Amino acid sequence: MAVVVALAFVFLVMFPVPSPVRALSSNYYDHTCPHLESIVASAVKKAMSNDKTVPAALLRMHFHDCFIRGCDASVLLNSKGKNKAEKDGSPNISLHAFYVIDEAKKALETSCPGVVSCADILALAARDAVFLSGGPTWDVPKGRKDGRISLATETRQLPAPTFNISQLQQNFAQRGLTIEDLVALSGGHTLGFSHCSSFQNRIHKFNATVDVDPTMQPSFAAKLRSVCPAHNKAKNAGSPLDSSNLVFDNAYYKLLLQGKSIFSSDQALLTTPKTKALVSKFASSQEAFEKAFVTSMIKMSSLSGGQEIRLDCRVVR
């Protein structure tokens with residue numbers, strides 16, 4: 001644990017920790033780009049009609065953007081020359097659906113050229129992904145700027161699926177996010193899929209005495225082990241993050257209480273009285289979960305980032 005704390009201190013020194021943006025406003029583009037929201041929603045809907053995994057991809061992309069240098073669309077930038085960008089860092093290799101942001105940006109550059117940041121497009125797309133999957137909607141504060149720096153090495157700042165509760169709390173606190181935010185935003189795992197590598201630690205060689213994490217429901221663990229054998233070679237093998245992984249609901253919390261969570265970081269939410277109480281609250285009330293999720297999303301997506309409006313979301317000019 002001392003090593004983790006030391007590393008976290010190094011990250012704080014080496015990497016800029018984002019802080020809330022002050023100038024965001026829900027009506028930021030009302031006069032300069034009035035059709036912004038409908039254009040972004042249209043791009044998300046079109047993509048969803050062809051690929052049901054798009055909502056989870058967009059939500060995860062937005063999280064991963066905001067946790068490094070703030071919400072500045074740095075996750076969208078391509079690697080160039082010797083510079084390996086965030087999207088090519090190991091935690092981001094499985095990110096996809098970048099084309100959705102590209103399509104929205106292309107339409108916006110026709111409708112209102114040089115006005116809307118890629119960071120705002122991504123924040124709106126994440127909101128639309130939640131809403132179009134049956135979740136809540138909310139007014140997204142806008143006015144973010146795009147960043148010019150994207151480094152794969154900084155993806156080590158992202159919370160890992162193997163984190164314990166102390167590591168999770170510290171990681172979120174560095175970004176001004178509370179325990180309530182941690183538990184609410186973890187509910188984003190109601191959408192999506194995980195490859196075996198992210199939870200292999202729980203189902204094979206868990207520790208020196210047991211092979212499987214004893215907090216996992218046995219038949220659930222057996223099912224995961226059958227999909228992800230010890231020497232798994234199937235590149236796309238894995239598991240949905242909850243039983244209704246295309247629908248934004250509170251099933252994630254219900255399954256967590258039943259010992260059917262995927263990641264160690266999910267199970268970690270049951271290891272302190274406060275986080276466990278929040279899990280129970282959200283498991284028993286979808287309304288309470290959605291209210292908390294919206295509050296935490298607005299807070300997280302207000303972390304400061306860049307300085308400019310990028311004309312091509314993948315390239316700095």
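Using the three backbone atoms N, Cα and C, a Cβ is placed for every residue, glycine included.
What TrEMBL says about this one:
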type	residues	note
ACT_SITE	H64	active site, proton acceptor
BINDING	D65, G70, D72, S74, E86	Ca(2+) 1 binding site
BINDING	P159	substrate binding site
BINDING	H189	heme b binding site
BINDING	T190, D242, D249	Ca(2+) 2 binding site
DISULFID	C33-C112	disulfide bond
DISULFID	C66-C71	disulfide bond
DISULFID	C118-C313	disulfide bond
DISULFID	C196-C228	disulfide bond
DOMAIN	23-317	domain 'Plant heme peroxidase family profile'
SIGNAL	1-23	signal peptide
SITE	R60	site 'Transition state stabilizer'
Of the recorded positions listed as H64, G70, D72, H189, D242, the one whose CA lies nearest the CA of C313 (disulfide bond): D72
Lowest local Cβ density among D72, E86, D242, D249, which the record lists as binding-site residues, within 10 Å: D249
Binding-site residues near C66 (disulfide bond) (Cα-Cα within 10 Å), from D72, S74, D249: D72, S74
Cβ within 8 Å of the mean position of the Cβ atoms of T190, D242, D249: remaining residues of the chain near Ca(2+) 2: G187, H189, L191, L241, S243, S244, N245, V247, F248, N250, A251, Y252
Length of the line joining the Cα atoms of C196 (disulfide bond) and D242 (Ca(2+) 2 binding site), in Å: 15
Those residues of the chain, 6+ apart, with a Cβ under 8 Å from that of C118 (disulfide bond): A73, L76, I101, K105, D146, R310, C313
Cβ-based isolation winner (fewest other Cβ atoms within 10 Å) among the binding-site residues G70, P159: P159
Segment-level pLDDT (mean, integer) for the domain 'Plant heme peroxidase family profile' (23-317): 96
Packing count at S74 (Ca(2+) 1 binding site) (other Cβ atoms within 10 Å of its Cβ): 27
Shell of the Ca(2+) 1 site beyond D65, G70, D72, S74, E86, same chain only (C-beta within 8 angstroms of their C-beta centre): C66, I68, R69, C71, A73, V75, A119, G147, S150, G305, G306
Which recorded positions sit within 10 Å of C71 (disulfide bond) - Cα, from C33, D65, C228: D65
G70 (Ca(2+) 1 binding site) versus recorded positions H64, P159, H189, C228, D249 - nearest by Cα: H64
Most crowded position, judged by CB atoms within 10 A, among R60, H64, H189 as recorded positions: H189
C228 (disulfide bond), number of other Cβ atoms within 10 Å: 22
Fewest-neighbour residue among disulfide-bonded residues, criterion Cβ within 10 Å, set C66, C112, C313: C112
